Amino acid sequence: MTNWNYQQTNFVTSAPDIRHLPPDTGIEVAFAGRSNAGKSSALNTLTNQRSLARTSKTPGRTQLINLFEVAEGKRLVDLPGYGYAEVPEEVKLKWQKALGEYLEKRQCLKGLVVLMDIRHPLKDLDQQMIHWAVASEIPVLVLLTKSDKLASGARKAQLKMVREAALAFNGDVQIETFSSLKKQGVDVLRQKLDSWYNGLEPAVEAEE
């Protein structure tokens with residue numbers, strides 16, 4: 001199995017919708033989550049690049065579909081954050097349309113990483129995203145981000161609760177904790193991405 005070097009990931013393009021994306025070939029893994037769930041921080045931690053994906057304390061800064069190339073034909077996709085964002089309704093609807101089109105029509109999408117703040121997991125939109133992926137037979141890795149915000153006992157309890165709740169999705173849904181600050185969960189994320197890029201069977205969940 002090839003272990004991809006995520007530190008060599010480079011920015012390719014930003015697109016307002018799928019019509020402006022590169023050809024629908026190769027393998028793409030998309031990162032999705034509510035605004036301020038820590039998507040950009042996770043991408044920067046994964047690639048060990050401080051500013052590959054722009055981070056912001058203002059929710060909703062990721063307004064475009066941002067593509068990054070890990071290796072030829074292997075791409076990471078930073079999708080527009082969903083949920084809360086201080087933007088006009090018209091703009092929000094445009095993001096949602098772009099997000100929906102990408103998820104429904106992009107044939108090279110082979111894995112979905114859904115990021116949720118460990119303190120506020122499984123909001124309605126998060127569950128919709130996972131239900132959609134399961135219905136489309138796309139495997140999901142849920143990262144419970146900002147896990148450093150909780151003490152060890154509370155963190156383990158949240159992980160157990162979300163894993164039990166995720167059984168209801170009846171799909172290939174793996175749940176792990178993640179902290180960009182402490183670099184916790186990065187190896188599990190890399191292993192999962194490696195398996196998707198190599199077209200392998202799902203792995204067993206890691207222990208906390």
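The count begins at 1 with the first shown residue.
Any Cβ shown, glycine's included, is placed from N, Cα and C.
Around LEU64 (GTP binding site), the C-beta neighbours below 8 angstroms that are at least 6 residues distant in the chain are SER14, ALA15, PRO16, PRO80, ALA98. Secondary structure from DSSP puts LEU64 (GTP binding site) in coil. Among the features that Swiss-Prot reports, GTP binding site is placed at 33-40, 60-64, 78-81, 145-148, 178-180.
Feature annotation from Swiss-Prot assigns Mg(2+) binding site to SER40, THR62; the stated evidence is sequence analysis. Reduced to three states, the DSSP call for SER40 (Mg(2+) binding site) is helix. The Cβ of SER40 (Mg(2+) binding site) has 24 other Cβ atoms within 10 Å, all protein chains considered.
Confidence annotation: the domain 'EngB-type G' (25-199) carries a mean pLDDT of 90 in the model. The domain 'EngB-type G' annotation in Swiss-Prot covers 25-199 and is backed by sequence analysis.
If you measure from the Cα atom of LYS146 (GTP binding site) to that of SER40 (Mg(2+) binding site), you get 13 Å.
DSSP classifies GLY33 (GTP binding site) as strand under the three-state reduction. The Cβ of LYS146 has fewer other Cβ atoms within 10 Å than any other of the binding-site residues LYS39, LYS146. Distance between Cα atoms for PHE178 (GTP binding site) and SER40 (Mg(2+) binding site): 13 Å, as a whole number.
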